[in-house]
Amino acid sequence: VKNTGSLNWPLNWPLPREASDGIIYQDKEEVVLWMNTVGPYHNRQETYKYFSLPFCVGSKKSISHYHETLGEALQGVELEFSGLDIKFKDDVMPATYCEIDLDKEKRDAFVYAIKNHYWYQMYIDDLPIWGIVGEADENGEDYYLWTYKKLEIGFNGNRIVDVNLTSEGKVKLVPNTKIQMSYSVKWKKSDVKFEDRFDKYLDPSFFQHRIHWFSIFNSFMMVIFLVGLVSMILMRTLRKDYARYSKEEEMDDMDRDLGDEYGWKQVHGDVFRPSSHPLIFSSLVGSGCQIFAVSLIVIIVAMIEDLYTERGSMLSTAIFVYAATSPVNGYFGGSLYARQGGRRWIKQMFIGAFLIPAMVCGTAFFINFIAIYYHASRAIPFGTMVAVCCICFFVILPLNLVGTILGRNLSGQPNFPCRVNAVPRPIPEKKWFMEPAVIVCLGGILPFGSIFIEMYFIFTSFWAYKIYYVYGFMMLVLVILCIVTVCVTIVCTYFLLNAEDYRWQWTSFLSAASTAIYVYMYSFYYYFFKTKMYGLFQTSFYFGYMAVFSTALGIMCGAIGYMGTSAFVRKIYTNVKID
């Protein structure tokens, strides 16, 4: 009886680092087997140190290299030396490397792990390997531990390109017995190129399925249809509006019927009035612009560099890019706040700089308390927390200040095409479906419809055992989302202004941001119907980080919707004659 855990398990536990460099070995050189984490199969984020289970350690004590990045620390990577003696191209016959003295407490720990389908992860030359702890018999009365690790390592020249683990040696767990743990190593020549060694962990049949292609095509057709519809309706409608307004301009005061004056021109004196709560509004818009810049840059880097092959590199890259793009936040948030007449610009800068980091860190620290209670490897070390806080205070804040100063000086002047009236115009009664609250609720449906298939693939790669690598799809979906969001918010804003309601700033932002509500609702469906997650730790981890993801997506969509709508509003009021 044997159990194989390698090629057939494309799990997306933290992936290896330095894959692009790798290690060039000499014959007989030490090859380190790192033990990483162990945890339940259905709860991917609930991981513990490998030796938190009463496994024993090999006799070899020397360690030649070890790496850990900020991304690895945040993802709970816990590399510990296995103690196994492995040398490059040197076969090892089956040999015992340690012995477990199985008392009742240790047996109970193994039984609990087997009942919850615990898997463990190891690394050889940054290549991940997975194995199962043990299994129960059909009746669930007797439990067995896999005691023999049979390693087959493929090499091409002087580099390791393939690792397979076969678990054998099923031993029944009986208290007060001794269990011997053994291993063997078989080296074999492989034709796999070093740069292609991660291809076996990918799942093209899942990500490049016809449904995925069809969803992209479907969204793309929706974009063409929507852009055409918006262009046709707005161009025809606006042309009629311009013609009507021009005709009214030529009439004498006696000929003009006061009852005929209606539409978006009537609110020209209020449309560029500062939004309510301009400080928080400009901070949200600035943060949304930064999130968009980060998303765009990280996707492009992932397409070029294949970040999925490097352990923790996606998270490290995202943190670095977020810090580096802080001037974007300051520029757009600071300039918008200045145009709206804001005077407390230092307060706005602080809120804009710390809005997203405070949300992410607050959620992470809350989940961290649960991880510490569970003694999980996901618990963020204190040193890593300090490092993240230092990045916020010494990198993000100064760069945000630079962006704010540039924004206020370069584009902080309110050069509106219409003069703002001193007294706000009363907003007339209108149909219920033209109310801002209704527009906000309906505005997110189409943007969500354009991305929800991709959401399934992204969720599956993060919460289940798939490695997301089709970043070209993600780039297309991001472009489609931006176009759909801008089109929908422009239409919503046009109808709102036509109803002589000039409160378009928050309406355009929130109608686009409401996409986040639909994404979060979809995450509930995904949790209950597409996964087998359980327990307080995994549930809090899932819904906590899904709330962060949805909120960040909503802020980004809101900023995109507002920026597009702002350009549209400025354009239509520039082209009409106003007394």
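Glycine is no exception: its Cβ is also placed from the backbone N, Cα and C atoms.
According to TrEMBL, the transmembrane segment annotation covers 211-234 (among others).
Marked as transmembrane segment by TrEMBL: 279-304 (among others).
Annotation source TrEMBL lists transmembrane segment at 316-338 (among others).
Remote same-chain residues near the transmembrane segment (350-374) are listed as 46, 48, 76, 279-280, 282-284, 286-287, 290-291, 322, 326, 329-330, 333-334, 380, 385, 388-389, 392, 396-397, 400, 404, 536-537, 540-541, 544-545, 547-548, 551-552, 555 (criterion: CB distance under 8 Å, separation of at least six residues from the stretch ends). For 350-374 (among others), the entry in TrEMBL reads transmembrane segment.
Positions annotated as transmembrane segment by TrEMBL: 380-402 (among others).
As annotated by TrEMBL, transmembrane segment applies to 437-459 (among others).
Remote same-chain partners of the transmembrane segment (471-497), defined as residues 6 or more beyond its termini with a Cβ less than 8 Å from a stretch Cβ, comprise 207, 212, 216, 219-220, 222-223, 226-227, 230, 233-234, 237, 264, 267, 271, 292, 295-296, 299-300, 302-303, 434, 436, 439, 442-443, 446-447, 450-451, 454, 457-458, 503-504, 507-508, 511-512, 515, 557, 560-562, 564-565, 568-569. Summarising the annotation, TrEMBL assigns transmembrane segment to 471-497 (among others).
What TrEMBL records for 509-529 (among others) is transmembrane segment. Counting only same-chain residues 6+ beyond the ends of the transmembrane segment (509-529), those with a CB under 8 A from a CB of the stretch are 281, 284-285, 436, 439-445, 447-448, 451-452, 455-456, 459, 463, 485, 488-489, 492, 539, 542-543, 546-547, 549-551, 553-555, 557-562.
Annotation comment: TrEMBL describes 541-563 (among others) as transmembrane segment. A Cβ distance under 8 Å defines the sequence-distant neighbours of the transmembrane segment (541-563), meaning residues of its chain 6+ beyond its ends; these are 45-46, 284-289, 291-292, 295, 332, 356, 359-360, 363, 366-367, 370, 378, 443-444, 447, 463, 481-482, 485-486, 488-489, 505, 508-517, 519-520, 523, 527, 533.
Remote same-chain partners of the transmembrane segment (316-338), defined as residues 6 or more beyond its termini with a Cβ less than 8 Å from a stretch Cβ, comprise 69-71, 278-279, 281-283, 285-287, 289-290, 293-294, 297-298, 301-302, 307, 345, 348-349, 352-353, 356, 388, 391, 395-397, 399-408, 410-413, 559. Within the same chain, residues 206-207, 211-212, 215-216, 218-219, 222-223, 226, 466, 468, 470, 473-474, 477, 480-481, 484-485, 488-489, 492, 495-496, 507, 510-519, 522-523, 526, 530, 557, 561 sit at least 6 positions outside the transmembrane segment (437-459) and bring their C-beta atoms closer than 8 Å to a C-beta of that stretch.
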